[in-house]
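What TrEMBL says about this protein:
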- HIS321: active site (ACT_SITE)
- HIS366: active site (ACT_SITE)
- LYS449, LYS451, SER528, ARG555: substrate binding site (BINDING)
- ILE660, ASP662, ASN686: Ca(2+) 4 binding site (BINDING)
- ASP715, TYR716, ASP717: Ca(2+) 5 binding site (BINDING)
- 26-141: domain 'PH' (DOMAIN)
- 151-186: domain 'EF-hand' (DOMAIN)
- 499-615: domain 'PI-PLC Y-box' (DOMAIN)
- 615-746: domain 'C2' (DOMAIN)
- SER202: O-linked glycosylation site (CARBOHYD)
Amino acid sequence: MKVRNLTYRSSVFTPAGLEGDEDLQFLLDGGNLVKIRSSSWKKPRFYRLQDDCKTLWHEVGLMWQGRAQTGNSDSWQFTLDDIESVRKGRQSEGLKKHTDASVEELCFSIFFKGSKKNLDLMAASDVEATRWVKALDKVLNNMRNLSHQKKSEHWIINCMRKADKNADNKMTLKELKHFLRQINVEVDDTYAEEIFKKCDTSNSDSLEDSEIKHFYDMLTHREEIDVIYGQYSKTEGQMSASDLLNFLLNEQREQATPEDAYKLIEKYEVDEIAKQKKRMTKDGFLMYLHHDDGSILNPAHKPVYQDMSQPLNHYYISSSHNTYLMEDQVKGPSSTEAYIRALMKSCRCVELDCWDGDNGEPVIYHGYTMTSKVLFREVIQAIKDYAFKTSEYPVILSLENHCTLEQQKLMAHYLISILGEALLSKPLGYTIPTNFPSPEELKGKFLIKGKRLNKLDAFFNKNNTIEDDSVSEEDEAADFKENKQNGQKKSKIKLAKQLSDIVIYCKSVHFSGFEHARDNQDFYEMSSFKESKAFNLADTSATAFCHHNMDKLSRIYPAGSRTNSSNYNPVPMWNVGCQIVALNFQTPSKEMHLNQGRFLPNGFCGYILKPEFQRSLSSQFNPNTLTKGPWLKRKTFHVMVGVVSGQQLPKINKEKHKSIVDPLVRVEVCGVPADNASKETHYIDNNGFNPTWNESFKFVIHVPELALVRFVVEDYDSTSQNDLIGHYCLPLTSVQNGYRHVPLLTKRGDVICSAGLFVHLMLIDAK
């Protein structure tokens with residue numbers, strides 16, 4: 001990788017695109033803010049962005065005339081990579097609880113990825129608070145929008161800065177060894193000295209300027225790219241448009257035209273002279289490989305590309321279980337923040353467990369446990385504020401109602417008054433509906449899932465009158481109570497008419513068998529299945545389950561015994577067409593990785609159109625037996641690891657100064673039982689910077705439309721379980737053939753900025 005004007009000067013390292021930016025300078029200068037932890041703990045702190053432009057630092061006390069006024073030297077810092085979002089106003093539960101509404105415009109919060117507690121701050125003025133939020137958002141967006149190549153450059157240069165202990169802009173042999181450990185490479189002293197001498201052309205016992213540039217170029221040289229580029233650069237050592245077209249057709253297996261080749265050169269070539277000649281240099285070729293066109297994910301599948309005008313039950317719907325919980329199911333905190341996080345991940349069905357609260361106010365928490373409580377109205381306000389920020393398609397509010405009539409009426413009041421016109425309160429159209437509306441028709445709408453006292457026909461019957469009455473409990477509520485109260489059977493609850501009336505297309509009913517549902521239930525009457533029952537039905541009555549889901553919605557929820565908020569495997573449920581496969585979003589796990597992969601394409605909008613054979617009533621699809629049918633499209637999937645390499649894999653144990661990862665790659669296919677497979681490379685000793693594995697895998701896929709591919713990179717450990725370094729999952733139907741870069745995500749699903757895999761993939765018809 002060629003980097004122009006490389007420098008890691010110990011002065012400010014300015015991010016690309018922000019040179020001379022006033023907002024960046026504002027953060028670098030820093031300012032005084034009040035940190036708020038409680039009503040009595042509000043203390044002044046001085047915050048500023050450090051010169052690496054990646055670390056936000058604070059010191060106890062105020063900064064006055066350039067010096068911190070403090071009784072001690074306590075300081076604290078975090079990286080911008082740790083930040084999930086910055087929100088202006090009293091958006092956090094802490095600020096709402098510990099500050100007065102009069103300081104709304106002075107407050108802002110920094111929310112972190114994972115379980116780290118948010119940082120609540122107050123500025124001296126509205127203008128100052130706005131400036132902090134605007135500046136942080138700008139730097140965060142700049143950082144997140146950098147190309148993979150630029151992120152890689154920034155990461156390496158920041159490691160160089162850290163290695164330069166005395167900040168003299170030079171690198172001694174000792175500092176070079178420290179730098180190599182920083183970037184996750186273990187080399188013996190002899191090799192380190194050899195590299196050092198080769199670059200130290202001035203014989204000064206330190207590297208500086210062009211010598212550091214030479215060292216960087218040696219370090220980041222990609223031999224595999226040289227080989228690929230060399231095979232196709234037939235025009236004076238460069239790729240002409242014709243050469244590039246040959247590469248696209250023969251290696252990438254794309255249906256490319258000369259015009260496509262010209263566009264790629266125009267888009268990615270960095271050398272203006274080469275661009276004028278309609279050629280691509282190796283630098284331009286590397287830029288292409290590191291952007292969307294060279295990604296494993298088909299760029300045509302990144303935006304919403306599927307037909308969104310089908311009935312709602314024809315889609316898989318990203319769904320959360322016990323959404324209010326931040327941690328476990330027994331004593332963990334309940335929070336509006338949990339809803340915000342799920343919605344910002346495009347979750348389109350959230351759950352609300354509603355109970356009578358103090359002062360007549362309904363609350364949400366996990367009943368009969370020690371989990372904390374959050375006000376129902378605050379949850380509804382948070383849902384309204386964040387429901388459609390990442391997806392405009394409908395959100396289902398799944399109510400588990402344990403409240404008395406009076407508090408149910410208040411619940412209905414909050415839903416109607418807070419959600420306003422966005423709440424679907426009557427069927428669409430002027431006649432009795434016979435099928436679900438589509439996600440397209442329901443854009444920006446909230447649907448309530450819960451018990452209803454009568455049929456939807458009531459909306460079209462002028463003589464219909466109904467009063468509060470008793471209904472059976474939700475199946476999940478009954479199962480939960482049975483577990484907690486020594487086998488107590490399902491009971492009836494009183495249901496308020498006001499709450500019943502706003503349940504439109506998602507009326508909860510008890511499941512009494514597929515035949516009973518077919519003969520007695522309307523399309524909008526849906527059942528919830530605990531995982532054990534759902535998995536049993538998927539094993540014993542898969543075709544019937546598929547047919548049930550062609551006409552109705554099904555919701556699956558985790559077993560009550562999963563008190564640690566673990567998850568079940570969602571794939572068998574998608575295999576039989578279940579739409580609302582609810583998972584514990586707060587728990588990072590393979591199951592959530594699969595969920596993230598399932599909903600990655602189609603604009604990450606939370607809706608994925610099911611295959612035709614899961615929508616057509618004539619289909620006899622059974623994922624367990626795979627009889628002949630339109631679903632059977634045998635493919636061979638080649639993952640050629642012979643040319644696979646990893647780039648800048650992160651350290652796992654950062655506490656151990658000298659720890660270096662021993663990475664291995666596992667490729668998994670998850671789909672119908674016949675397609676489930678996993679294959680693994682050997683591990684590489686002490687190299688997380690540029691490991692290469694030299695292995696090839698072959699998978700035979702029978703039902704590609706249901707298959708997910710998951711790449712897993714782990715740190716091998718001979719004495720204990722391997723540590724996860726990173727992963728990436730996507731539907732097989734969204735995989736691009738050829739030489740592709742695979743981004744890597746953390747366990748919690750956040751992008752690892754500098755890391756990735758380089759692979760060769762081929763999905764072809766099986767012979």
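Cβ atoms here come from the backbone N, Cα and C positions, even for glycine.
Around the Cβ of ASP662 (Ca(2+) 4 binding site), the same chain contributes TYR683, ILE684, ASP685, ASN686, ASN687, ASP715, TYR716, ASP717, each under 8 angstroms and 6 or more positions distant in sequence.
For the recorded positions SER202, SER528, ASN686, the ranking by surrounding Cβ atoms (within 10 Å, all protein chains) places SER528 first. Spatially close to HIS321 (active site) yet at least six residues away along the chain are GLU351, TYR557, PRO558, ALA582, LEU583, ASN584, PHE585, judged by Cβ distances under 8 angstroms. Regional average pLDDT for the domain 'EF-hand' (151-186) in the model is 75. Nearest in space to SER528 (substrate binding site), taking C-alpha to C-alpha distance over the recorded positions SER202, HIS366, ILE660, is HIS366. Checking each of the recorded positions HIS366, LYS449, LYS451, ARG555, ILE660 against the residue listed as 'O-linked glycosylation site' by C-alpha distance, the shortest gap belongs to ILE660. Taken residue by residue, the domain 'C2' (615-746) breaks down under DSSP into 9 helix, 59 strand, 64 coil. Comparing Cα positions, ILE660 (Ca(2+) 4 binding site) lies closest to HIS366 out of the recorded positions HIS366, LYS449, LYS451.
Of all the recorded positions listed (HIS366, LYS449, LYS451, ILE660, ASP717), ASP717 has the fewest other CB atoms within 10 A of its CB.
Cβ proximity to the Ca(2+) 5 site centre (mean Cβ of ASP715, TYR716, ASP717, cutoff 8 Å) flags the following additional same-chain residues: VAL661, ASP662, PRO663, LEU664, TYR683, GLU714, SER718, ASN722, ASP723.
Long-range Cβ contacts of ARG555 (substrate binding site) within its own chain (separation 6+, distance under 8 Å): SER319, CYS349, SER398, LYS449, MET526, SER527, SER528, PHE529, CYS578, GLN579, ILE580, VAL581, ALA582. Residue counts for the domain 'PH' (26-141) under DSSP, split into helix (H, G, I), strand (E, B) and coil, are 35 helix, 47 strand, 34 coil.
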